[in-house]
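*Asks:* Please see the structure below; I have some questions.
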Amino acid sequence: MKVLVVEDDPLIGPAVKAVLENAGYTVVGPLRDAAKATRVGARECPELALVDVNLAGGENGLVLARRLWEENGIPSLLMTGFDHHAAEARAFAMGLLRKPVMPDALVQAVGAAGEILGGLRPSSTPAALEIFHGSAAMAAGLPKARTA
C-alpha cells in the first residue's frame with residue numbers, strides 16, 4: 001500500500017517513513033507543507049495519507065485532509081496529540097491517530113486502515129487509533145475512483 005506522509009517535524013517525519021518502509025509500505029514523503037502534499041498526492045495517488053494536524057507556518061492538516069479526500073479521493077488518518085480535533089475531522093477523515101505513537105501502533109494503525117479500505121474488518125486496532133465510522137471516507141468504503 002502506498003502511504004503519503006505529511007509531517008513537518010524534521011525528526012518525526014523521517015522516523016514515520018522508516019517505520020512504514022520497514023513494515024513493507026511504499027511511502028511518499030515525508031512532506032512538510034500542505035500545498036506540496038496536495039500536488040504530490042494528486043500525482044502519486046496514494047491509498048492513504050497520514051497527516052499531522054498542526055503543520056508549520058500555520059497550515060492546517062484538517063484542511064489538507066479534507067482537500068485530499070474531496071479533490072482526489074485520498075482518505076486520511078490524522079495525527080495529533082490533541083483530542084479536540086476529532087469532532088471536526090469526523091466528517092471527512094478515516095480516523096485520528098494520537099501522538100505520541102509507538103512504531104508498532106503506527107504500523108498497526110496503517111494496517112487497520114488498509115483492511116478497512118479493502119472492505120475488511122480490521123484484525124486489530126491500536127489504542128492510539130480512533131476510527132471515525134460515520135465519516136465520508138468510511139461511508140464510501142473505498143477511495144473514490146481515480147485516474148492515474
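Using N, Cα and C of the backbone, Cβ positions are placed for all residues, glycine too.
Okay, these came from TrEMBL:
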{"type": "DOMAIN", "residues": "2-114", "note": "domain 'Response regulatory'"}
{"type": "MOD_RES", "residues": "D52", "note": "4-aspartylphosphate"}
*Asks:* Please compute the mean pLDDT of the model over the domain 'Response regulatory' (2-114).
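*Replies:* That region's mean pLDDT is 91.
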*Asks:* Using all protein chains in view, find how many other C-beta atoms are within 10 Å of the C-beta of the residue listed as '4-aspartylphosphate'.
*Replies:* 26
*Asks:* What three-state secondary structure does DSSP assign to the residue listed as '4-aspartylphosphate'?
*Replies:* strand
